[in-house]
Amino acid sequence: MSENGLEQEVTVEEKNNDVTEKILVEGEKSKEYEETPRKVKIVKRKKQPARKQIETRPEYEMEPEQPGQVYNLWYNKWSGGMRQDPLKSQVKSETRCVISRDSGYTKADKNPGSFFCLYFARGMCSEGSKCEYLHRLPKDTDFFNANVDCFGREKHADYRDDMGGVGSFLRQNYTLYVGGITPTDDIEEIVSRHFAEWGDIERIRVLNSRGIAFITYLNEANAQFAKEAMAHQSLDHDECLNVRWATTDPNPASQARNQRRLEERAANAVKKLLPKQFLLDLEETKNGKSGNRKRKLELEFGLKGYVPSDDLLYADGANSVHNQLAANEFPNKSQSEEGSNDDHKSVTTTESQNKFVNSQILSDLQVAKQAVHTNQSALVSYYDSDED
């Protein structure tokens, strides 16, 4: 594309779900064919808008047919009267979510703290990019209150008897129970391939003879998303899966592993909030090198026995102690080569901008440290008789 003697080149790079456009603009060439430096303008935008999975949403979410006499609001079914096996009455879902094809940006991306679209997880959202909920997979940075799931549905104090539904807010459950799998020799590979689409998996335990699998995710939100996405779906043999929450494993080794995982998650969350220098100091203290750190601080400040407070030592940005000391030691290498007068001015300017470590204060403290304490004379003098 050329306009007014300018040439424009557009380069598109794809990375994750974002597209980076690099626009290279060449200046007007002179008669001597001297080229000016090209300007690079980087424009980042989302890869694609969310896709409409279906045209119109089926209105099947109505009250079920009345096979009994009393309607139970908690279980959303009728009780009494006719009895039927709930596992045999399950119907395979006609829609399924495909992350690589259906995910994209929606109106919810502009609102921090938005929930995920339940119909998107089930593969039946008809809103597309106009949806007010997120159309993507949950990430580690997505946090929600303990009383709601990633779709915004309220949790209950206890699980249902069939371990279905939203779940309980008294326990963080990362494990799904998947039944109705066709027993094969490669059942573990099939389960891993289908369920790895919804997030990072920590471990998979498969019972080949019974067609049952227990899948543990690293993130609870991914487990919630996978439960809704794989409910009434099939793997490779046209079966209808029964996806439920897993009960507590009575194995002591499993309980210890869950406790260790919770402690690691809490430690990682705290580490992200602490300064890097503070983490390095903790590591040195753990290895028995706290004395070296104290001596290093004394040498940096030039004051024996002086250790700054944690608020001063671990301040972030340009106000940190280490940045202030580095500014005092290396004000400007390029100006130091030109002349000593310019160096003196740059050091003075840097010291005047120092908020925490002032050179005048340090010099006064060093003078006070070197002061010699003389013995004071007594108030009453005593004379010996020999002196007379």
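Glycine residues also receive a Cβ, built from the backbone N, Cα and C atoms like all the rest.
So that you can see what the record holds, here are the features copied from Swiss-Prot:
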DOMAIN    174-248  domain 'RRM'
REGION    43-63  region 'Disordered'
REGION    331-352  region 'Disordered'
ZN_FING   111-138  zinc finger
Task = Work out, from DSSP, the number of helix, strand and coil residues along the domain 'RRM' (174-248).
result = 23 helix, 22 strand, 30 coil
Note = Using DSSP three-state counts, the residues of the zinc finger (111-138) come to 7 helix, 3 strand, 18 coil
